[in-house]
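Chemist: Encoded as structure tokens, here's the structure I'll be asking about.
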């Protein structure tokens, strides 16, 4: 009996200890006693060879409350953002530019394969370029040796003989090694790549490696949200990026341990700005900082069946480049050609799919076979004005993205919203019922107010382009576009986030009886009816100034 009691007591202590540890891990998102919010620009910047990465301090109270972290990535033309994965699900919005993104799902086949014809054409082009270079060099030498004609002719004859000898050797080698080439010649094969452009939303699950490349004619800019409080993150609440190439720097700079920023400098980018690369003395034994760097070089070479020099290249030894590198020439990989007709066909398919979902009342008729793991659809474009879910010709438009539009969001438990408001347009006062909202200002400006449960305005600020602010769950918020209009993108921490409005045709006030309004607000019944029916719009509201201008 005594042994059973001791065992029960020990089990109870272990259970309480685990529960306390779990509560301490989740304490940041449970302690949302926010007295002040602020729209901020990034706090930290890493300068790379072909771009930059900026991050917001995730240790701020509002980020801790929402359980998120955020970064902004700028990739210059012909820049390659090296492969990496994160401990948390990511939602990426393409603010500007176009490019290519590749996501690697372990165990899935390489469905993009180079044909033998294209491979031969590539080799022929390389050989043709070499011959042209040789001809140009030969012409230069001939022009410089015009006075020594006899000696030049002798050298030409010698070169012709050497060229014939080389050609004979090549022909003999090609005739003697056809089977060897067939055995060891490997054409390029890789997993699917995806074209990305402005307005795209890309979902990346935790632990899935991805890379991106800017092949456009302007900078490629993307904003990333890391949902660090997700159940998919079994580590702590700190965002972590695991790079598989290069010599990367810590993007979030271990901001919980970083030096405090001086007052008056909050929100100013470049506080921790550093030149691209990393001093060798900060590294152990001259190794890099990617995942391969920590392995023993000999053991890594044996595992990959390569020589140690190749293994050291994977480890980033003697490589000063960090997260974003510049590609020499053009990045050549297998991708299907895209003409105007193909793009239009893809857009029509997306519109048809959207109409089918609307006809089904927003219901996703899933049978478990509509998408396989290896063919998951990772992106959706919500930048097209024709895709708007809410539109007012005098106020603006709003587009939403959730698990009905992009099924992978059900797995990640994230959703998104993009809005464009005209000058003085108002986003109806509302509260987020089941999610936090992380808002990034794409263009323009707006006045934003956020109110807590005590009726205090914990945010009352004019937000500007490039800033980010957080609206906690259930907190009231109102936004009015400024003179430049207001364009934003909002990350939502729930797969099907929705709001309750305080003004408009579908608002909380419209749903109450007249007598309840009259008694609650000490107004007459006539005033109660005016309060309910004076606003016929739903969410995108025109201002009184706009209505007077129209009249």
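Just so it is clear, glycine is given a Cβ too, placed from its N, Cα and C backbone atoms.
Since we're looking at a predicted model, the values are computed, not measured.
Swiss-Prot lists these features:
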COMPBIAS  114-124  compositional bias 'Low complexity'
COMPBIAS  132-148  compositional bias 'Low complexity'
COMPBIAS  168-185  compositional bias 'Low complexity'
COMPBIAS  254-275  compositional bias 'Low complexity'
COMPBIAS  282-293  compositional bias 'Polar residues'
COMPBIAS  311-323  compositional bias 'Polar residues'
COMPBIAS  339-350  compositional bias 'Basic and acidic residues'
COMPBIAS  351-361  compositional bias 'Low complexity'
DISULFID  32-65  disulfide bond
DOMAIN    380-529  domain 'Cupin type-1 2'
REGION    111-194  region 'Disordered'
REGION    118-132  region 'IgE-binding'
REGION    145-159  region 'IgE-binding'
REGION    161-175  region 'IgE-binding'
REGION    225-239  region 'IgE-binding'
REGION    238-293  region 'Disordered'
REGION    281-295  region 'IgE-binding'
REGION    311-361  region 'Disordered'
REGION    510-524  region 'IgE-binding'
MOTIF     367-372  motif 'NGXEET'
SIGNAL    1-20  signal peptide
Chemist: If I restrict to non-local contacts, at least six residues apart, and a C-beta distance under 8 angstroms, what lies near residue 32 (disulfide bond) in its own chain?
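Modeler: Result: 65, 472.
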Chemist: Could you give me three numbers for the domain 'Cupin type-1 2' (380-529), the DSSP helix, strand and coil residue counts?
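Modeler: Split by secondary structure, the domain 'Cupin type-1 2' (380-529) comes out as 24 helix, 71 strand, 55 coil.
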Chemist: Where does residue 32 (disulfide bond) sit in the DSSP three-state scheme?
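Modeler: In the DSSP reduction, residue 32 (disulfide bond) maps to coil.
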Chemist: Provide the number of Cβ atoms within 10 Å of the Cβ of residue 65 (disulfide bond), excluding the reference atom itself.
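Modeler: There are 21 such Cβ atoms around residue 65 (disulfide bond).
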